[in-house]
Structure formats: C-alpha cells, structure tokens
Amino acid sequence: MQLVHTTLNTDLSDIQEKVIDGYRLEYEDGVKLFESPDILAIGYLANLIRERKNNNKTYYIINRHINYTNICKNRCKFCAFSRDNGEDGAYQMSIKEILDNASQIIHEKATELHIVGGLHPELGLDYYVEMISSIHERFPDVHLQAFTAVEIAHFAEISGISIRETLKELKKAGLGSLPGGGAEIFSPNIRKELCPEKLSGEEWLNTMREAHSSGLRSNATMLYGHIEKNEERVNHLLKLRELQDETNGFMSFIPLAFHPKNTDLKDFSNTAGILDLKMLAIGRLMLDNFDHIKAFWIMLGIKLAQVSLSFGVDDIDGTVAEEKITHSAGAQTPEALTVGEIKSLIEETGREPVERDTLYNRIR
Ligand code: V47
Ligand code: SF4
C-alpha cells in the first residue's frame, strides 16, 4: 500500500480509494483517468483488479480466423478490408473453400474458429446456416465463434426475419458464440461521420441483448484512435457495463487500435503506445462486471501486448492464423503465432499461460 501512496498522482487518489475498496467507478472517474498523464498509476490500479479477478493467469486460445468475404455494402471509412461486389480484389469463399481452410485446425489442434466477413448485398441466411452446419458437422468439437452483431442484424434484414429468429437458426446449425466486432464507438455523431451505413450503437447493443438472452455469449469491442473524444470513450464503456449488468453475456472486452493505412483516413497516425495501454487499463477499471480484458496482439504488436499484461490485461487472444482485417490496414505483426511462441511471450512477463476454450474453460 505504501508504494501506491508514494507513486500515485494525488489527482487520482479518490479513484484509488474506490478501486481498493471495490467501489464502481463513475463517468467522471473515467474521463479523469483518460485525462491523467499518470500511466503508471493507472496501470497499477488496473493491475490490482486484474490480479483480484484472474491472479497471475494469462489466457490464450488455439484458434483460426476465417474472413469468408470482403464484399461489404457498408464501406466504413476506417476499413481497408472491404470491397464492392465486382471490384478488383473482392472475394467470397464457397462453403467448400471455407471447409478446406477450416480443416487446417486438425493439425493445429485448434479449439475455435473465429468467422467474420463483410455485409454481402445478396447472400441470404441460407448461406450462413449452411456454412455453420457444414463446419459443425465436420468438426463437432470445435467452437464456432462467428458473425458480429452487425452481420447478424444484416442477415435478419436481408432475410426479412427477426434478429431472434436469425440467431435461433444459426444456433441450431451449431453457432457457439458471437465475436465482439462492429461496436466501433457508440456515439451517433461519430458513426454518422465514419460509418453512416452501419447499424446504430443502440441496435448493436440490442442485437447483443437478443444473443445473450438466446443463450449465446459474446465479446465486446471498441475501435479507438480516430476522431473520438475521451467522453465518447467513457460513454461507450458505460453502455457496455450497463448491458452486462442486465445480461452477464459478455466474456471479454477488446479495445481495437485503429490502423489507418489503406483506409479513407490514411493521413491519421497509428495510435500511441500510451493510448493503447490507457484503453486497456481504463477498460479494466471501468468494466468491473467483465471477467476478462483481451489484448489482440495482432493490433497491438507483441511487445506492447506483453507490457499490457501489467496494465489490466489477462487474455492475449490466440494463434489467430490468417487475420486479414488489420493486415489490410497495414498491421506489421505476423499473421499467426505458434502455440510455443504464445506461451513464451506470456512466460517472459512472469505470468502463467493458461490454454482456454472460447468460454474460458481451462484446457490443459
Ligand atoms: O468490426 C475495421 C475493426 C473489427 C479496422 O471478439 C479495424 O474476440 C483497426 O472485432 N483498424 C473486426 N480495427 C475485428 C474484431 C475482433 C478481433 C479480435 C478478437 C475479437 C473477439 C474481435 O475490426 C471490425 C472493426 O471494428 N476494424 N477496420 C482498422 N483499420
Ligand atoms: Fe464492412 Fe465491417 Fe469493413 Fe465496415 S468494418 S466496411 S461493416 S467489413
């Protein structure tokens, strides 16, 4: 305790007290944390919660990403991955190609497939149901974490059925859970500016509410480092916390660092390391009802992901294999890591690597 008193910026002492006593932080606390230059104090406090919830464990998963199409009717300004139908570089994988790609999980010993894509203007729910049921039939033990809330809402709209019905069909086919993408920033003004075609923040939250009440758990994300302000970051976190109070369906929070290369915002800079650490640590501090904070090493870089394990993070995602969305936007990280590499990057930080399945059950 003495260490806290000597190193903490006095400005944060009220927040320090709340954290130590286990009280919930409020909107003003979140803004104050973002405004504070005292990254070590913020990290120290986030680490207290991280160790309270997950002690020395750092989770990882053996997984593979499949991006089944980059054809997307939304064309968000921050996205370098999407293409119009018929444009150079546009692709859509057939079910057979998806199965061939998925079959690599056998020798990788992967337990999860993470499947997301663009909003194809023509494909109906049948294609997605067939995709999930064919993979599930072939690999019944592999957890299928597929389709962001944005995709689910699009499938419902294009097929003229409700979100609940869409989720029910996909769950029956073998869908295991939803990834956390598409949340971006809930602020309507920013969505209007950056992704006007995308569903609103309220619709994203409603889709997750439906998923959770249908028995499908999910993750949650936030895209930062573009035009958002501290206030909008905090509001986003509070909206997630509010829904989590209601459903307890979120497993982890993953802040996504904006990568500007090849996007309409290509003159923006990459996020600063200090902001990356703040996002993770403040996420840990504000989201008291989330069990896990995940650093997606693909976006953060391996070295900063290691540092983040002392700034609130307890999950490093996984082997990933063939990530396309961030690499289209200029990520310099490898497209995959081996299990050995993941384990050593965790061990080098003094943490205990724990292989998990998608639902955070320990594997070995
Ligand atoms: O929805 C798009 C974001 C998301 C860019 O749930 C960008 O475990 C940075 O959601 N720079 C897809 N981000 C990735 C995603 C994800 C990743 C890892 C784990 C999980 C999980 C989810 O990537 C999109 C969008 O929000 N995105 N373009 C970009 N240029
Ligand atoms: Fe489409 Fe998603 Fe890219 Fe937006 S972020 S253009 S919805 S693929």
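Even glycines carry a Cβ here, placed using N, Cα and C.
Straight from TrEMBL, the features:
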- C72, C76, C79: [4Fe-4S] cluster binding site (BINDING)
- F78, E184: S-adenosyl-L-methionine binding site (BINDING)
- 58-285: domain 'Radical SAM core' (DOMAIN)
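Spacing of C79 ([4Fe-4S] cluster binding site) relative to E184 (S-adenosyl-L-methionine binding site) is 11 Å (Cα to Cα, whole number). Under DSSP, C79 ([4Fe-4S] cluster binding site) is assigned to coil, being neither helix nor strand in the three-state scheme. Note: the [4Fe-4S] cluster site is recorded as C72, C76, C79; in the same chain, N74, R75, F78, F81, S82, G118, C195 also have Cβ atoms within 8 Å of that site's Cβ centroid. Residues from the binding-site residues list (C72, C76, F78, C79, E184) with a C-beta closer than 6 Å to any atom of ligand 2: C72, C76, C79. Residue pair C72 ([4Fe-4S] cluster binding site) / E184 (S-adenosyl-L-methionine binding site) shows a Cα separation of 16 Å. Of the recorded residues, C76 ([4Fe-4S] cluster binding site) and E184 (S-adenosyl-L-methionine binding site) place their C-alpha atoms 10 Å from one another.
The Cβ neighbour count for C79 ([4Fe-4S] cluster binding site), using a 10 Å radius and every protein chain shown, is 22. Taking a C-beta cut-off of under 8 Å and a sequence gap of six or more, F78 (S-adenosyl-L-methionine binding site) has these contacts in its own chain: E184, L194, C195, L223, H226, F258, P260, T263, D264, L265, A329.
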